[in-house]
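Data block below; observations after.
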């Protein structure tokens, strides 16, 4: 201990110098504490207190991230724990936007409002998850990765179980916890291998790369597979997707919307960061890319094919989000360091579409009680604005012009095609073909919504209940944004 | 002259649709009047453009020979190592597209006329119709592949709803089948577009481009790119250029449609409401033919030449198969749908001949079939509106009950089967001449294909005349008895008003084909020259 003493001031200086880079996280931490206080004491006098604190905190954190976009990239933050570059900062900003949408969404959700616990605890959990996701996008150290994933996961377990009343919901939460813990454990095991091979936990360091090169390829592949399990659980790609449909269906809709969007942003950022940390000719790089390639193809196919058979809208969207994960992984493969514009564009558009669709599903459920596609019969006439925006968002999810989903899809195809042209990797061509095929498949199930809502007649007159208009208002805005960004993508890409 | 005439023509329906959105849905009659005024304005505008169009403007590969050009940068994205994404709003007209713009405006007016009695969700119906109108106009004038694709896909959605909401009993099935068939073709087209994008560079800026005209010039292809004509790269064992051609061809062939990709058509036609059948047959099938000429042939001329025999075969098979199946139909609308398959086969045969006569005949046939099929579906719609039945065997001796209607049917049938003096004759005759000359000229098509086409004309005479005889001649006998007899009133003034201009047009084009051929000719010459490399 004593030999470390002379270094303490140096180390402290390093830590202090790094802290400004983590300003958004610090703001969120402060909000987290204030939020708990507000929930305990202030909500009694003004029931929107914790909501206001959370909103302000997230917006403030977002503003800090936006302000930091212009700063130069910082490597080796906090002794190699994280790298703060533009990609991580954009991912952070995007996560903040999704969290903000979630807060508004949850505020308007009747289930949360009627609940005894109200929403103040949910907000605190959300802030913790937000911090975890932020760190996931910038982590360069395996321990940091693990801590970030756990932080996001544990918060997510609580969110899923927050409203659990029926057996189905409890089952979903339980399944999520059990599956998540097993995946974490497996990942940790893999990480211990990685540390054993290299003696270094920073996966971007030279020692780590050298260590991996010096290890038997089979061992590296096994360790990578274990690590992949943990990330796969967060991203829910095949074969780590089993929990998704049950959890998505069982959780309350705002939580489902959040879980199918925010962790994907951070998870994809993490995957891209790991995927390009190593030199392209190293064994580890090759294994990881083959793994991602195979899972991307299987995920796209399985997600979309399984969605075909679903009748519950949330379950269908769960499988659709699995399909989109496959597409995102394809984008990761085409991504090469420093050029993250396409990946971020797809993520941003995906966040818009996915949040929008779940908001509408929730709004429709609140107004009419319909949760299955069959129950949407003839509702297009009853709730025209909601269903028109629903259709626009679904078109965008399918990837048809003139929506942002199309531009995003085209950009990913372009990136993959370019990659194929440069490397001649036949897997890339396969990805393109599968990507195109699944577009056609996805049309089948996405169009069940307009099919029932507009083409079929209702069996009896539907009574509608009142619901908070903010959700449908937001969804309308998002549908309009999806259309506008489809025609003028440069508004976002600049 | 306003330099943005073409842009106004394309986006006029969009403005109308926005106007309709503002009108409260209680005022049901307002929508059709807005639609009709928009349609008439478009007709006037496209008529004026047709009048102003200079017949020497051959277009095809050269921007300066296009007319009414609007070319402004649209999307510019810096994609790092992928280069600058260069997408333009680029529209223009040449002899290939000009007649179709007029045809679209004309058929739209007919379709709006046929929708006059729509009662169900009027607001949505006319808004969708206007969006469809915009998309079709856009497809016929886009010269940037990205823009083309956007308009091309934009057509699908309004059609899905128009068939799906306002259609017949099996409309859901027909709507999704139509959508899936077309989407299947077009997603793979998207991959080829991406491939072309990375192969072609703009010689002025050095950036990759979606500009179709640049894609037509082999010099603009990067030497090591996938679709470069010089390196001839291979994919899955065949030349990449041939593969690209096949993918694009399949996408458009589904639209045409050719046998065996035609099975969506009878369902869509039978289930669609009359105005949508009119638009489907009158305009949308033409997009297939237009796309093959504008995109497949112009961008991949070498591959097109290589596939001439197969294209011709597809044409002959479509002609004969379509006619034989039409012969076996009981449903009048289905019969006409299959006759469309047969008639579109002539288009394939004509363009496969790679002769000036054949190609000009094919374009002429596309236009002529646009008017005639619109007229045919309108006539079926008149019958169906009255008694909600279309079975050929449920009617007999209609001539005595509905004399004016019978005259319309007889003229349209005779015009369709290729009676000299009507437009279809010119189109089909030119196609057969082209196909016959092809063997002597460059040996691309054997003579028996031309003979196959002639047999198709014979068969079309059989099914049209037989139908005429079964339904209209003889003793009056209808399935529904006196109720039907009372319901089967003769053509109303509105219906007459719609029919007469159509028949007048096919007669005018039949008697004086130069009306259309003058404007088409220069472009067809340029196209045939581009593909065959022979200077005419």
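Note: Cβ is positioned from N, Cα and C throughout, glycine not excepted.
All annotation found in TrEMBL is predicted automatically rather than curated by experts.
According to TrEMBL, the feature transmembrane segment maps to residues A:90-108, out of the candidate ranges A:71-89, A:90-108.
Within its own chain, the transmembrane segment (A:49-70) is flanked in space by residues 21, 23-25, 27-28, 30-32, 34-35, 38-39, 42-43, 84, 86, 89-90, 92-93, 96-97, 99-100, 103-104, 107, 119-120, 123-124, 126-127, 130, which lie at least six positions past its ends and keep a Cβ under 8 Å from the stretch. Outside the transmembrane segment (A:341-361), and at least 6 residues removed from its termini, the chain residues within Cβ reach (under 8 Å) are 87, 90-91, 94, 97-98, 101-102, 105, 253-254, 256-257, 260-262, 264-265, 268, 272, 313-314, 317, 321, 324, 327-328, 331-332, 334-335, 386, 389-390, 393-394, 396-397, 404-405, 407-409, 411-412, 414-415, 471-472, 474-475, 478-479, 481-482, 485, 489, 492-493. Listed by sequence, the residues of this chain that lie at least six past the ends of the transmembrane segment (A:284-305) yet keep a Cβ under 8 A from its Cβ atoms are 209, 212-213, 217, 220-221, 224-225, 228, 232, 237-239, 241, 271, 274-275, 278, 319-327, 329-330, 332-333, 427, 430-431, 434-435, 438, 441-442, 445. Away from its own ends, the transmembrane segment (A:90-108) comes close to residues 24, 51, 54-55, 58-59, 61-62, 65-66, 69, 119, 122-123, 126, 129-130, 133-134, 137-138, 253-255, 257-258, 261-262, 265-266, 269, 340, 344, 347-348, 351, 355, 358-359, 362, 467-468, 470-471, 474 of its chain (Cβ-Cβ under 8 Å, at least six residues beyond either end).
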